[in-house]
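This report concerns only the one structure given below.
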Amino acid sequence: MPILEVTNVTKEFGGLIANKDITLSVEKGSITAVIGPNGAGKTTFFNLVTGVYQPTSGEILVEGKSVVGLKPDEVAKRGISRTFQNIRLFGEMTVLENVLVGMHKHLKTGLLGIILNLPSTRNEELEAEKEAYRLLEYFDLAPLLNEKAKNLSYGAQRKLEIARALATKPKLILLDEPAAGMNPKETKELTDIIKQMGEEFDVSILLIEHDMKLVMEISEQIYVLDHGEKIAEGTPNEIRTNPKVIEAYLGSGAVQLGQRSEASANTTTE
Amino acid sequence: MKEKLTSFLQNKWSQVILFTLFVVITSLSLYLSQKSVVAFLLLLASLLVLYYMKLKNLTKWIVSAGILFILLPMASSGGPAFQSYMEVATMVGIYVAMALGLNIVVGLAGLLDLGFVAFFAVGAYSYAIFATPQASNFMPFGQYPLGGESFWIFLIIGGICAAIAGVLIGIPVLRVKGDYLAIVTLGFGEIIRIVFNNLDRPINFTNGAMGISSVTPPSIFGFNLVFPHHFYFVTLLILAFTIFAVLRFEHSKLGRSWKAVRENEIAAQAMGIPLVKTKLLAFALGATFSGMMGVVFAAKQAFIDPTSFTLLESFTILVMVVLGGMGSVPGVILGAALVTILNLQVLTELTNWVNQLNLSGMITIPDALSPAKMQKLLFGLLLVIFALYRPIGLIPAKNKKFDESKLKSSNSLSIDRENSVAIDKDNV
C-alpha cells in the first residue's frame, strides 16, 4: 500500500485553479519528486497534503486513511512532516530547542509532571534532548546546539529544518525546495543526506526541487506539474525525454531540438 | 593556573563579603532610622545584586529567601513606617506574580493581551463575594460570609475561576492575531469590569459601583490576618510558588510549544502543536496566577470595587513585562518591582515633597501636575523609550544552555553516516 495516495485533487482560489485533478502516489520507502516551472502549483499541493489548505474536491489518503478536513497539527500526528520553501524556523530559539519542538507530540508528560518535575518528566526530557542531539550530529549541526536558529547560515538553516521535521518521527516527509539557495558543495552534501535519510529514519520522501541534477539523481518517481495540472509522471529517464516536460520548461521550440540531441535536455535546470 | 584559581576564588569571596556588608549596612540603617525609603529600596536592590553574583543558583535562592522572609520584615520593623513598608512590599509581590502571569501570555506565547487585569478582578471578586454577606443574595444554601479559613481554599478557587475566564475569553478572542488581538482583549478587559460594575441588578452579585466592603480577613488556626505584614508573608509564599511554576513551564515542552507558536504559527502547527489548545493554555495559566493574587488583594484591601481594575492597571502590568524583558522571568520580576515602587513609593514621596513645598509657600504647583498623576505619562514614555532603544528589556530573555557533554552518546548517527558515505563513494 502506498504511504500517500492523492486522487483527483483540485484546489481553487476564487477563479484561479491552483491544482487541477491531481492524482499521485508515494510508495513506502521511496523518494518521489514533484517538479515544474515556477507557479505550477507545487507548494499549493504540499499545503493541501499537510492540511494548510483544504482541497476543493478530491481525496488524500495517508496509509489508506483520509486526511481531508484535518488541521495541520492533526495531519502531523498522522505521520506527515514537512519543511518550507521560505525557511520557517523558530528564530529566537536555539538549534536544539528547534529540534525538541519537533518531538513535541511524542512527549507524554502533563501539566502536573511539569510543575512537580517528576522523575518521569526529567527522564523523558533528557532522552528527547539526547535524541535531538543525535539528529543534530547526523546533520553536522551538533556544535551549534546552543546557537539561535536565526544566526545560522542559510545552508545550515535548511538542514536544521529537515532535522526538525525528522524529529517528529514522520512516515512521510515533504521537502519543499531543500536545496534552494545552496551552493554546489552544499547541494551535493544534501543529496547524500536525502538519499540515506530514507533508510536511516525509515521515512518516505516527497520533494519539490528545481535543481534537476539533484532530482534526477535521487528520485525513483517524478511527477511534473504545469499550470496546476499533472503533465507527466515516470522514472527520471522517462521524464528526461518526455516532450511535454521539455516543452513546459523550455517552450515548444526545445522539443524539436531535444529530439535531435537528447543530451541537451539533461541540462534543463531552469 | 594556581594564580587564576585563587584570583577566581578571591573574586567570588570578595563578592560575598561586599554583598554581606551591603546587606548589613542597609538593614541596620533601615532598622535604626525612623523612616528611610532609600535604605528600604537598597535592601530590595540587594536581590538584584545577588542575581549577578557568581554563586550557585541554589545558594542564590536560599539567600534571597532569607532576605525576603526574615531580614526585610525584621529590619523594617524598627520604625513606625513598618506597615507602610510591608504594604509596598506586598503590592510588589502581587504585581510581580501578575506580571509573571502576563509574561506567559505576552512574552512566551506572543499574544498581546491588553485586558489582563480582568483575571485579577475575577479572582478578587470570587473571594470578596463569598467572604461577605453578598453571596446570600443568590446562593440558595450555606451561611455567608464564609469564615476566614476559606481564604486558603479560595486561593485555588480564585485561580481556577480566573483560568476558566481565560478560556472563555480566549475561545472567541484567539481567532484573531496581532494588533487585532490587542484591541479585542482590551475590549474584553473593559467588558468584565463593566459587567462587575453593573451586576447589582436584577440580582445583586457584586454590589455594583458601591463595591464590596468588609471582606472577611483570612485566618489560620484561629489567628486573623489583618495587618500588611501578615499579607506580606502570604504574598511571598504564593509568589514563590508562581516563580517556581513559571520557571518550570518555561523550559518544559509547554514553554517550547508557546515559544514555537510565538515564533512561527505555521511551522509550529506542522510540528504537531495544536494552535488553539496551546494558546488557550497560555491564557488559562497566565490568568491563574493573576486570579490567585486577586484573592489576596481582596482579602488585603477588605474592600474592592470596579475602579481597582481599570485599563490603566492592564497597561501597568504590560509596562512591567516590556520594561523587564519579554519572556524573561528575572527581567519581569525586576520590571514589576521597579514599576510598583515607582508607583507607590517614588511618586508618592515626590507628591508629598511637592505638597510640602506648596504648603511652605515656596512655589505653587497646581494639583493637576502632582507627580502621582503622571503615571500614564510616565508609562507611555517608558514604553516608547524601551520600544525604541531597548526592545529586549532590562534583563533580556535567555535560552536554556544545553550541556553538550551530557547529550553525547557513544552510538551516534553521524559516524554511521560517514561510513556509509565512504561506502557510497567506493561504489561510484
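Just so you know, glycine gets a Cβ as well, placed from its N, Cα and C.
Copied over from TrEMBL:
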TRANSMEM  B:12-31  transmembrane segment
TRANSMEM  B:37-54  transmembrane segment
TRANSMEM  B:61-82  transmembrane segment
TRANSMEM  B:88-106  transmembrane segment
TRANSMEM  B:111-130  transmembrane segment
TRANSMEM  B:150-171  transmembrane segment
TRANSMEM  B:178-196  transmembrane segment
TRANSMEM  B:231-249  transmembrane segment
TRANSMEM  B:280-303  transmembrane segment
TRANSMEM  B:315-342  transmembrane segment
TRANSMEM  B:377-397  transmembrane segment
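Where the transmembrane segment (B:231-249) meets the stretches B:37-54, B:88-106, B:111-130, B:150-171, B:280-303, the count of C-beta pairs under 8 angstroms peaks at B:88-106. The highest tally of CB pairs under 8 A with the transmembrane segment (B:88-106), across B:37-54, B:150-171, B:280-303, B:377-397, is held by B:280-303. Just going by CB pairs under 8 A, the stretch in B:37-54, B:150-171, B:178-196 that sits most against the transmembrane segment (B:315-342) is B:37-54.
Proximity of the transmembrane segment (B:280-303) to the transmembrane segment (B:37-54) is not established, fewer than 3 Cβ-Cβ distances being under 8 Å for residue pairs spaced 6 or more apart. Under 8 Å from some Cβ of the transmembrane segment (B:377-397) lie the Cβ atoms of residues 51, 107, 315-316, 318-319, 322-328, 330-331, 334-335, 338-339, 342, all in the same chain and six or more residues away from its ends.
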